[in-house]
Amino acid sequence: MASSSEVSNPSGRPKLVLASASPRRLGLLQQAGIEPDALLPADVDETPLKNESAKDLAKRLARSKAEVARKVARVREDLKDAYILSADTVVVVGKRILPKAELVDEAAGCLRLLSGRAHRVYTSVCLITPKDSVRERLVETRVRFKRLSRDEFERYLASGDWRGKAGGYAIQGLAGTFVVKLVGSYSNVVGLPLYEAAALLDGEGYPVRSSWLDAA
Ligand SMILES: Cc1cn([C@H]2C[C@H](O)[C@@H](COP(=O)(O)OP(=O)(O)OP(=O)(O)O)O2)c(=O)[nH]c1=O
């Protein structure tokens, strides 16, 4: 356990950049007592390559986001030695990669495919250390939705809870009532597998647990 002087002196901790604009990812880290020092969202083209698998897409996008943020951080005096953390979440039904829904028609298409079926959610986490080593973890969660009634279908689309979400749903929102089975990490579906992300940070020398009291 870190001594009180270390714990009470958060500035002793190495800096952490979260390369994300996702309030869900920030919220998950904060829930775990991890407070990023900076948010550097990285706008990358999320279009899948021809015949690219969901796993490869998630890994490639998470890494791209981390690399974009690293270039920005390394030229900032306050972030030049920071850890850079990013993630990308992909929802797939069979081999079909679902889009991140921005339009109601996209959300309707996703729900039609998800209703009454099992699907998989992959989140890839990418960590770049202060010495620019790259560490990646890909986590899979299997989810099964109930068959949605017409009313559930229409009410969900009207809720807008699907906007900006991979696969057109947010398990932490209304869609939580559609989930009849989940095998694996719940936080992985929301957007950041906390066990794996914390283990990655800890394994690379970022003091996850000693920061808990800083967050208190
Ligand atoms: C499946 C699912 C996705 N999501 C969200 C998490 C992510 O914000 C989003 C996945 O899209 P991503 O492209 O992975 O992430 P993002 O564009 O929102 O944020 P950034 O790239 O800046 O990190 O979908 C949920 O909130 N709940 C869910 O159940």
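Glycine residues also receive a Cβ, built from the backbone N, Cα and C atoms like all the rest.
TrEMBL entries are annotated by machine, without manual review.
Database features, via TrEMBL:
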- ASP88: active site, proton acceptor (ACT_SITE)
- ARG24: site 'Important for substrate specificity' (SITE)
- THR89: site 'Important for substrate specificity' (SITE)
- GLN172: site 'Important for substrate specificity' (SITE)
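Distances between the Cα of GLN172 (site 'Important for substrate specificity') and those of the recorded positions ARG24, ASP88, THR89 are shortest for ARG24.
Note: the Cα of ASP88 (active site, proton acceptor) and the Cα of ARG24 (site 'Important for substrate specificity') are spaced 12 Å from each other. Mapped onto three states, the DSSP output places ARG24 (site 'Important for substrate specificity') in helix. ARG24 (site 'Important for substrate specificity') sits 12 Å from THR89 (site 'Important for substrate specificity'), taking the CA atoms of both as reference points. For the recorded sites listed here (THR89, GLN172), the lowest count of other CB atoms within 10 A around the CB belongs to GLN172. In the three-state DSSP classification, GLN172 (site 'Important for substrate specificity') falls within coil.
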